[in-house]
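Chemist: From TrEMBL, for reference:
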REGION    1-30  region 'Disordered'
TRANSMEM  38-58  transmembrane segment
TRANSMEM  89-109  transmembrane segment
TRANSMEM  121-141  transmembrane segment
Amino acid sequence: MTDSDETDDQRRKKGLPPAPRLSGMERERVDPPKPVKVSFALWVLSGLVLIAGFGLTLTAKQDIVDQLIEMNNDPRITDEQLSSGATSLLWTLFIGAVAFAVLFALFAYKAREGTRSARTILTVLAAVSLIFQVVLFSNIITLVSALLSIIALSLMYVPSVQDYFPKVPKSL
């Protein structure tokens, strides 16, 4: 804890973030408000659905390549180049989905502990993810993931949880 041995809830009432833990200290049990608990579960689910969506897109690689070959009007681009480029892109999207899922889980966990900056990062991740999914190879599953992340994010901003994410006082 801190030198004054105040609890995290007491620190939150003063507008301070939870006290940092020192190495070897036991973790204090966190009891977030219900919307934050539900939001955490939705963030994890959104990440898993995102992985599944881009995994499905990856399994449909040949269909995507065939469509690209059919749409190609440039004789300088060979079918092999299209196939190679599509394969690279689809694997990159899948790895990106895994990375986003890990980031969703990590920052949702930190937000579950009352860390305001984690909520801000989740806001940015949700916006980037939504734009990314609407622009590139979206399917119904990835759009469900976007919907889940929007719902999860909304739950972190409901008025009943505002005190759980204290503003850091400006002391400058």
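Cβ coordinates are placed from backbone N, Cα and C, and glycine is handled just like the others.
Whatever TrEMBL says is automated annotation, not expert-curated.
Not measured: the values here are computed from a predicted model.
Please go over these features one by one and say how buried each is and what sits next to it.
Modeler: Under 8 Å from some Cβ of the transmembrane segment (38-58) lie the Cβ atoms of residues 32, 64, 90-91, 93-94, 96-98, 100-102, 104-105, 107-109, 111-112, 122, 129, 133, 137, 139, 141-142, 144-146, 148-149, 151-153, 155-156, all in the same chain and six or more residues away from its ends.
Counting residues 6+ beyond its ends, the transmembrane segment (89-109) has Cβ neighbours under 8 Å at 39-40, 43-44, 46-48, 50-51, 53-55, 57-58, 61, 64, 118-119, 121-122, 125, 129, 132, 136-137, 149, 152 in the same chain.
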